[in-house]
Amino acid sequence: MEAPLQTEMVELVPNGKHLEGLLPVATPTAGNQRVEGPGRSCVEGEGFLPKSPSKEPHFTDFEGKTSFGMSVFNLSNAIMGSGILGLAYAMANTGIILFLFLLTAVALLSSYSIHLLLKSSGIVGIRAYEQLGYRAFGTPGKLAAALAIALQNIGAMSSYLYIIKSELPLVIQTFLNLEERTSDWYMNGNYLVILVSVIVILPLALMRQLGYLGYSSGFSLSCMVFFLIAVIYKKFHVPCPLSPSLANVTGNFSLVEVIREEAGLRAEAEAAAFCTPSYFTLNTQTAYTIPIMAFAFVCHPEVLPIYTELKDPSKRKMQHISNLSIAVMYVMYFLAALFGYLTFYDRVESELLHTYNKVDPFDVLILCVRVAVLTAVTLTVPIVLFPVRRALQQMLFQDREFSWLRHVLIAVGLLTCINLLVIFAPNILGIFGVIGATSAPCLIFIFPAIFYFRIMPTEKEPARSTPKILALCFAALGLLLMTMSLSFIIIDWFSGTSRHGGSH
């Protein structure tokens with residue numbers, strides 16, 4: 001006889017690219033299975049969106065409402081983030097062929113990881129990432145998962161604020177029709193990111209509920225699609241090389257003609273060398289490639305909530321949704337990286353959008369893209385901050401009543417720390433690299449594999465069965481990638497050989 005199911009409220013912490021409130025999951029209560037008590041639904045865990053006061057939400061309230069197509073959109077939106085801005089730089093440091101191989105590998109491994117999550121979820125009836133950690137390893141497992149997701153969120157917020165620091169001065173420069181950036185305070189990215197954080201982000205982050213949440217997520221994805229279209233369009237309108245410099249010469253007419261001819265030939269030779277794509281490259285910056293890709297493909301904390309909301313849910317159907325979403329993002333990522341790289345080649349910066357300032361600071365299309373992206377990331381930061389604050393409240397102040405003072409102090413503290421990180425970070429590459437080399441491998445590789453190994457009953461799959469051995473190998477691969485990436489990044493920092501594009 002099957003054990004009765006107990007409905008409990010589960011704290012979901014997204015990765016900064018999607019939205020969730022408090023979703024209930026059904027958890028078996030019989031036997032030796034771990035189930036958190038009803039006390040877990042504490043008063044600090046307020047939802048993002050207003051709930052109807054007429055009745056409490058139940059597990060079935062969130063099922064059977066989302067179509068296949070909308071689920072693909074939601075998961076694609078969960079995958080898409082600021083990581084797309086760094087992929088052209090990754091291609092410049094790997095070459096087209098190696099980049100395509102690595103991108104394909106990360107996409108396939110992400111799909112396999114989702115397969116493990118769905119199988120684990122099907123066994124225990126849990127549809128929340130952190131609760132799988134609790135089911136597998138108790139409180140340490142849940143805290144480890146929450147910490148990794150919170151770190152991913154902090155990385156996402158840092159990358160968004162860095163985009164504000166990098167792009168907002170260029171927008172102001174364009175609106176003021178300035179040929180060069182001045183030393184005025186309103187042209188200083190550090191001052192501007194603090195100003196935006198205080199005037200726009202902090203008031204939104206202090207709200208107990210975010211009613212604009214759903215609109216912002218769809219708008220963010222639309223902005224990134226607009227960005228991709230602009231990148232492809234600009235490839236065919238930006239000259240290569242960007243600005244061939246011919247020396248100003250003086251003298252008699254014949255000498256001038258000879259020098260001009262020699263200079264022209266030299267410029268053509270340099271252009272031929274510079275405008276030739278590389279297909280396979282290895283350098284110190286190659287170490288950032290896999291972390292950037294991993295950062296760009298993290299969506300795993302969102303898979304299970306989307307599964308919960310799916311109409312007529314099944315593991316097979318959800319796997320198809322995941323595969324299709326990953327395939328769509330795979331194509332978008334490759335196109336953005338390819339056309340961005342083929343526009344600037346080795347001169348592409350770690351934040352692609354910033355590189356277009358070399359061509360024409362007053363370009364209307366790029367200005368529109370910048371404004372759209374800036375609006376999207378500014379509205380997204382409070383959304384990402386909410387679950388991080390809620391996780392801190394549940395870990396540190398679980399049984400406390402809601403306090404506005406604590407609510408405000410946590411938001412101010414988080415924004416202060418992230419602003420300091422953004423101000424002192426030399427470029428966005430370090431943010432992509434470190435977060436992509438730490439939390440992303442945990443969320444994509446390590447946790448899904450070890451959760452699956454622990455949750456799957458031995459009577460169904462013995463410890464030495466092929467699926468469990470593959471899962472352990474998958475976890476080992478994630479640990480290896482994390483160790484190698486972090487090692488190479490740290491070596492690059494201390495060697496001082498990094499070619500930091502996009503620094504300010």
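Any Cβ shown, glycine's included, is placed from N, Cα and C.
Per TrEMBL, the features are as follows:
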type	residues	note
DOMAIN	65-491	domain 'Amino acid transporter transmembrane'
TRANSMEM	68-89	transmembrane segment
TRANSMEM	96-118	transmembrane segment
TRANSMEM	143-164	transmembrane segment
TRANSMEM	185-206	transmembrane segment
TRANSMEM	212-233	transmembrane segment
TRANSMEM	324-344	transmembrane segment
TRANSMEM	364-386	transmembrane segment
TRANSMEM	407-425	transmembrane segment
TRANSMEM	431-453	transmembrane segment
TRANSMEM	469-491	transmembrane segment
Pairs 6 or more apart in sequence, C-beta under 8 angstroms, 3 or more of them: is that satisfied by the transmembrane segment (364-386) and the transmembrane segment (185-206)?
yes
Beyond the flanks of the transmembrane segment (143-164) by 6 or more, those residues with Cβ under 8 Å of it:
11, 13-17, 81-83, 85, 129-130, 132-133, 137, 189, 192-193, 196-197, 295, 298, 301, 351, 353, 373-374, 377-378, 380-381, 384-385, 387-388, 391-392, 395, 414, 418-419, 421-422, 425, 427-428, 431-432, 434-436, 438-440, 442-443, 447
Hey, which bits of the same chain come close to the transmembrane segment (68-89), Cβ under 8 Å, at least six residues off its ends?
14-18, 156, 159-160, 163, 217-218, 220-221, 224, 227-228, 231, 285, 288, 292-293, 295-299, 302-303, 306, 309-311, 317-318, 320-322, 324-326, 328-329, 332-333, 336-337, 339-341, 344, 348-353, 377, 428-429, 432, 436, 501
